[in-house]
């Protein structure tokens, strides 16, 4: 069966438009941040770039006597679930902490910080007392019964909370982690706000640790949608790790050392990381503390944390004693429903761990032997490239990136005509009849959204009712910010074990979204046409760099069996072609370019477009 699936996947690859490595990670990063603006609840700011959205949820919390306007809708519905929202903010903050300079180089640091603050502003409102935290607005049952735009939803907006009589250590712990991580982000750009976030983090951790219990036993309406399967011990360790990183307070380091064994931090050998199960994230952070020489008397315990971090990384590479399943196309596979959440979160951990190991001049220790840190970064790149189109279907699972991406996303806001275009009321059930059941593409492009993705055999059905595969989520995108920033900035100059304090932040005025402009006319040589576009630019150390995308099109009625390109005046790296001396050809895995099809390659340098021409070709 596996052999058949692999052959089928290869045949499928050859029958679809070609997409391959050489991706524009900077463009993907910019698009991924737009998705968070599409998920905003509350009063939208004047600089809102996703213009088909409008204000929503303006009375949230009113019936409970608290202002809960703001925050994020988690996925394709209109509920604000606190646990995944907090994990989303934690991962966005971690991305900025590790790769703030790289985000700045791509012009996206300001947008990243705005995305974090949209979440933390809401959490401040949701935490009105030290031992009270509102963890959900709306409920999945009534919300899923309706298909309506968030701007005019008629579903119940009841607010649900945890308190000493109804505890939720996992929810309070994750929110403490988010506030602590975000306080690091704002430490220099907004010190007062940073201190406020850290105060909330301290209180939330104390609340979580003193009044222990699972949040879905208190907020029972969340259990069906975001049940806490792993319990709360992982979130308590996770929060302690982030509070230590944010405060340098020895209490939290001691907490990790004292409780690492009893709470499972040194015992669980993980093969997943996400909004529910945090152990792999804790193990990665504690391994960082160990490499920084901060373990002190807890060294023996922290070494056990690191052994479990190594286990997770080795299992992803296929070099461990128990390895993670992969699809025939190479994507890690955990479950059919929104598998992509595990792909992006694992890719983030392998990226930072690669840099931690490189900075400490260490190798990864696997049961199959020692592994160079670069292999972890290569793994993360392979997963991101799959998401962006290097897969058997040649499908980009990021909406709006590439030429072949999901058109019928399971998302209420994007699937119904914009409230700004047509204010005709969409009824609860009428939305299903009129909009959900439509076979056409979504009227509003949900740019940057990472959907649930393919099944275990790389199959994917672009249908709105296929929520397992076509529904996006904020926690799919959040870990990807750091990975894309890292991949867009090359492979050198990293010392991630230095204190995690980002450089002073300059929030840039938002730039209007522009379509890539053609920087050279279409050039044809016989049956081969070449067109170049500049897709991005940035300034580094006083020099302006340009990212160019070049498309090669086969206009012949026959397949191109071979192709040799001459590229002159190229002064930077190039991706997406094979190279032999000064000649460039089809990538090694691509045997021909079919009639009417195209391939794309990308290069970066600091001047006008390179001179790309056809040296020779052979038709089949």
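Placed from the backbone N, Cα and C atoms, the Cβ positions cover glycine too.
The following features are taken from TrEMBL:
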| type | residues | note |
| --- | --- | --- |
| ACT_SITE | 410 | active site |
| ACT_SITE | 462 | active site |
| ACT_SITE | 471 | active site |
| DOMAIN | 528-608 | domain 'Carbohydrate binding' |
| SIGNAL | 1-21 | signal peptide |
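Cβ neighbour count within 10 Å across all protein chains ranks 471 highest among the active-site residues 462, 471. The Cβ of residue 410 (active site) has 76, 451, 464, 465, 466, 467, 470, 471, 472 as same-chain neighbours under 8 Å, each 6 or more residues away in sequence. Helix, strand and coil content of the domain 'Carbohydrate binding' (528-608), in residues and according to DSSP, is 0 helix, 51 strand, 30 coil.
Taken together, the residues of the domain 'Carbohydrate binding' (528-608) have an average pLDDT of 80.
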